[in-house]
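Q: Structure incoming, see below.
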Amino acid sequence: MDQYEALKALNNHPLIKTVTPQRLIHRTLKFIDTNDSHVLAYNNSKEKINDFPFSRKIQLRQSTNRHTSRKLLRVIPKQITNILEADTLWKMGITGKNVKVAIFDTGLAASHSHFKNIKERINWTNENTQEDGLGHGTFVAGVIASSSNDCLGFAPDAELYIFRVFTNNQVSYTSWFLDAFNHAILREVTVLNLSIGGPDFMDQPFVDKVWEVTANGIIMISAIGNDGPLYGTLNNPADQMDVIGVGGINWEDQLARFSSRGMTTWELPYGYGRVKPDLVTYGSGVRGSALQNGCRPLSGTSVASPVVAGAVALLASAFVQTNESNVMKKKITPASMKQALLSSARRLPGIGMFEQGAGKLDLLRAFRFLQSYTPVVTLNPSYIDLTECQYMWPYCTQAIYHTGMPTIVNITIINGLGVAGNIVNLTWHPYIGTGNGERIDVAMTYSDVLWPWSGWLAVAITVPSTSHDWQGIAQDMYQHLRNAGYYLEVLGHPFTCFDAKNYGTLLIVDTEEEFFPEEVAKLKQDVEDDGLSVIVFADWYNTAVMQKIRFYDENTRRWWIPETGGANIPAINDLLFPNWGIAFSDEVRSGQFTLGQHPSVTFASGTTLIRFPKDGIILYAELHDQSQEFLEKKSGTSTLVPILGLLQVTSEKDVQLVHDDGSNNEIPADENDEKNYIKKQTSTMPGRLVVYGDSNCIDDSHLQQSCFWMLDAILEYTTTGYIPTIFMNENKKKHKTVKTTNDMKIGNLPRRMEGNHFSCHSKVLVANKPIGTFQPLPLCPTPTYAVPVLVNESVPIDLYKPQKVISIEDSINAVNSGLQDSEMRMWLKRRVGGASIASTPVEHSDIDNIAYDVIGNEDNQIVGYQWKYIAIVIITTIFIVYLLNRWKYLGTKRHSCRKRTIVRIRRIIQTIAMRRIPAQM
């Protein structure tokens, strides 16, 4: 039996869930080494300058000239524990005692003087040592539990369990982590710190084991990553809902440049990412234990992660006792701790929620939250405000209007009631009148099972036809807004799922996926019949170059070859060439060119045009052949090549009026024909096409110098039909503009690489089938809108405060099932903002659940509001009576008081005139 048959047999075995090859962990230790935290903070404030190589040389030269380069000397910052006020809890006798903390890192020396409570050290690597050869694990352990006065940890009395899962070469394997996780579960640790991360959330055994770890009550804290400032660069497992993901800030409470940003990418492209990180804390220039002795500063999210882990261990020690009660156990769970940290965090101004999460760690507020904590279900974020910038970015910049794609907010449900639960129903309660709740439609989808400790709620917001008026007085306003700026929507579904009549331009940037045949046919109809314009930004594709950049993976013992280039040019050509005769080549070109008075445009590893129809406009630029330079190891030739094309599409339909008798008349014969003739002549004009061979200058991940001005000019052409002057009159030596009089045809169309495994990763092709075998076209989403239950009252002023989903009385026994108890479900019912989670009792012999009626809860709230109003009226009445009595009293004494005042003023004036000090009055 060969390897393929063996894997197939294992996958088909009923007792085997999945078969995953042993792989090298592509996770890195998330820290930035520095010997001077103040220099780092200064350099971070100059992040734009430091992006350029030449500026680093200048800065290096300046730093050596100490006499001529003066800079402000910064005060040495206090210890991180003092800044977060951990000493306040220490004075209360809270020091981390009885809390087990597991540290997954590079190990720790047993003889290190900073640690007094190392319970266990285990080496899970293939190296025969438990010592730390890098210093990373020592530093992380020091931030959590160091007892040195020079760099105190948050929980010096915590019990440390050291798991060495990285070698001195920073190498690890999935199996090492799985074994270590199992041992952590066996030891029943309270807190687990992972100052690591990687983008591979598709390592299913690793993800499943993290779920199992948290399901067993272990609070996992993980670094979000050091891949900032780009969005969507957060790492796993910090991007999981049951894990507390931590980002980094500097001492000025500014987001560190290195800190990765959200949103999560699990849900893309068919959904919308969740809010991550969960919170941020100091991670720049923090002092911790050095490898041998003493202290050292480090920066990175792997520094911020143990700060939170140490804080969590300290908080847990206040409620975890040796003879802990069941109530105390409920206070310290992965859900309750996450709720405490997020509810108490202090929001940083000017920073979005996908950058800072709930805000900055506040240790004392989290402690006070846990003191009065009762198990609840909460949402993150707890409210949605499409007008709140900068925190709600990018939602606050995205307008919602009728016919627009739904605005989707992916909300995390944090289940403080237990490790597992179920949602039965949600109810939408809009405020009418000034609340404008009736002006939007809301569709909600959610995870049926909340496990472990969490779930998701997707809220889709649309505007119904009854809330818009694109005719009459609103038409000019709409045109004005369109001229001032564009509305941008993200299409997460096939082209068959949007109505082209409602849009002006479709922007396709650097696409790597294949297209369904239905999408190709639909786009042709959209452009020619509905007037949709299309802009395509492509990238390089060359099978010879792809073969050249392959590499051998020691882990899987096989050659790894890219499945596609910078863009999937054959797929783009399949979309454009059959419809309009446009195609890109497989050349790789690079260089610079200038248009008008604008800065030079960088064309970095892009492609060229080889097919283009007549009556179009083509821009040529002199660029050198980068593929020739790479393959033949010699300087590539520079020639004028076509890189940009503009085309006004013509429709195949005849616009002339055709009578039933088959005769064609230019002038209508009667009034009815005249109306039909005018209607035909004023029908939608076909759209326009713009194709460009590179996406570098509009892509943040590779951006050197932006060309957004060129994008503006392209959009001007697609929306108005007027060719911008920057594309005309450019007949210069290194670039020129040509109007095509015949179809352009250069060379052959690029082909897909033979033997590729692209179908294994595609959402369009069928895996392990010949090219061209497509999956069934996905159905377009049809939102089921929630039936509104209107609230006819004023919008409360505290609507945007963090709100709990449900309040649980002390008599309620929350479900706290284990991993295997999948049938142990709880049903929730409660209103939060505009959603309610309904509940009914669960029939189970081992669980006694109490069902609550949401109307009763609302009645209790109404009664509470009535008593508040009565109290306010009574207090106001008493105050008014007091003022009236006081005014009456002042009226009887007014003359004598005024007389004494006048006498005193006269004596003061006399004293000043006589230049002497007045006597005591």
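Residue positions begin at 1 at the first shown residue.
In case you wondered, yes, glycine gets a Cβ from its N, Cα and C as well.
According to TrEMBL, the feature active site, charge relay system maps to Asp105, His136, Ser302. What TrEMBL records for 96-359 is domain 'Peptidase S8/S53'. Feature annotation from TrEMBL assigns domain 'MBTPS1 fourth' to 475-731. The annotation transmembrane segment is assigned in TrEMBL to 867-884.
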Q: Which of Asp105, His136, Ser302 (the active-site residues) has the most other Cβ atoms within 10 Å?
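A: In terms of Cβ crowding, the pick is Ser302.
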Q: Rounded to the nearest angstrom, how far is the Cα of His136 (active site, charge relay system) from the Cα of Ser302 (active site, charge relay system)?
A: 9
Q: Determine, to the nearest whole angstrom, how far the Cα atom of His136 (active site, charge relay system) is from the Cα atom of Asp105 (active site, charge relay system).
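A: About 7 Å separate the Cα atoms of these two residues.
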Q: Quick check: in three-state DSSP terms, what is Ser302 (active site, charge relay system)?
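A: DSSP call for Ser302 (active site, charge relay system): helix.
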Q: Using DSSP and collapsing to three states, where does His136 (active site, charge relay system) fall: helix, strand or coil?
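A: His136 (active site, charge relay system) sits in a helix per DSSP.
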Q: Which whole number is the mean pLDDT over the domain 'Peptidase S8/S53' (96-359)?
A: 92
